[in-house]
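*Asks:* Okay, handing you the structure first.
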Amino acid sequence: MDSGTKVKKGAAGRRSGGGPKKKPVSRSVKSGLQFPVGRIGRYLKKGRYSKRVGTGAPVYLAAVLEYLAAEVLELAGNAARDNKKNRIIPRHVLLAVRNDEELGTLLKGVTIAHGGVLPNINPILLPKKSEKAASTTKTPKSPSKATKSPKKS
């Protein structure tokens, strides 16, 4: 053995020096999500929902939250475009959520601040079409034919 050369010993399983350091990649980037997986995991642990939290739970929850947010934003953007607006306001979010069947049931008990209410008029309160107005619009009768009596032969 050569006692002049010193061999560096690092921690087991780790690379000890040499190559360039790898840049850390977040779990959000690894999973292809925009929502913060690490923060959601921290909230799950801090909230004491369970003694232990698996590694896949925050990723799954972040994916679900991101999907719901994208769905609501898409429908609210459509509602804003229908109203000829470029900016989404709480009214557009309310219209989007309440007009969608599945989101409406999911967020049934939720109050959206400054959202207002859905426009709704009870059909009983709407004006009825009268029989006279309906008959005059269908076939107009001329008064000359109504006064003449049929000829007898």
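Numbering starts at 1 and runs along the chain as displayed.
Any Cβ shown, glycine's included, is placed from N, Cα and C.
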*Asks:* Among 17-20, 149-152, find the range that Swiss-Prot records as motif 'SPKK motif'.
*Replies:* 149-152
*Asks:* Taking all residues of the motif 'SPKK motif' (149-152) together, what is their mean pLDDT?
*Replies:* 66
